[in-house]
Amino acid sequence: MADCYIGEVRIFVGMRPPRNWLFCEGQLLPIAGNESLYSLLGTTYGGDGITRFAIPDLRGCVPIGQGQDPSSSNNIHCGTRIGTETVTLSSSQLAEHSHSLNTNTQFDGTTVAPDRMYINSLNIEAFSNTTDPNRLINFNQNAVSTVGGGQPHENRMPYMALHYMIATQGEYPMPTE
């Protein structure tokens, strides 16, 4: 490919990278013979900095801009891999809500049994106004119960896998003054 800078990263749909490009898969490269690329990357993505250095591994992740996030206090440095593919929510992350049940000690304005609570509704006959102990029924203990399995769920936006590749040869990017 013509007209590229050493260290430039591009998206590519082919199954093999073009000459002078490598797929960004975190490979360790020898510094000898790759001095220009090493001078740009250093050991940001790995390597010992003596004989070897690594190129970025962009498999399974989405690149984001480095630097201070204006909407938070996060300062994201080049080479930092953050985020997760799956997440398990805790109860503190769920929207605040309740499972209320309105009850009353009276039926039709009359206290039926002061030691009992009755469903308070004008639209349904949920109880009898008798105090006959044979007619009183406890709620099923599973009527309002814990649900869910606490399992992680997918945390990624819709995506399509393509290759990221990095130029190992090309014009050396001169910094602006």
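Backbone N, Cα and C atoms are what each Cβ position is placed from, and that goes for glycine too.
The domain 'Phage tail collar' annotation in TrEMBL covers 7-63.
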Query = When DSSP states are grouped into helix, strand and coil, how many residues of the domain 'Phage tail collar' (7-63) land in each?
reply = 7 helix, 15 strand, 35 coil
Average pLDDT across the domain 'Phage tail collar' (7-63), rounded to a whole number = 97
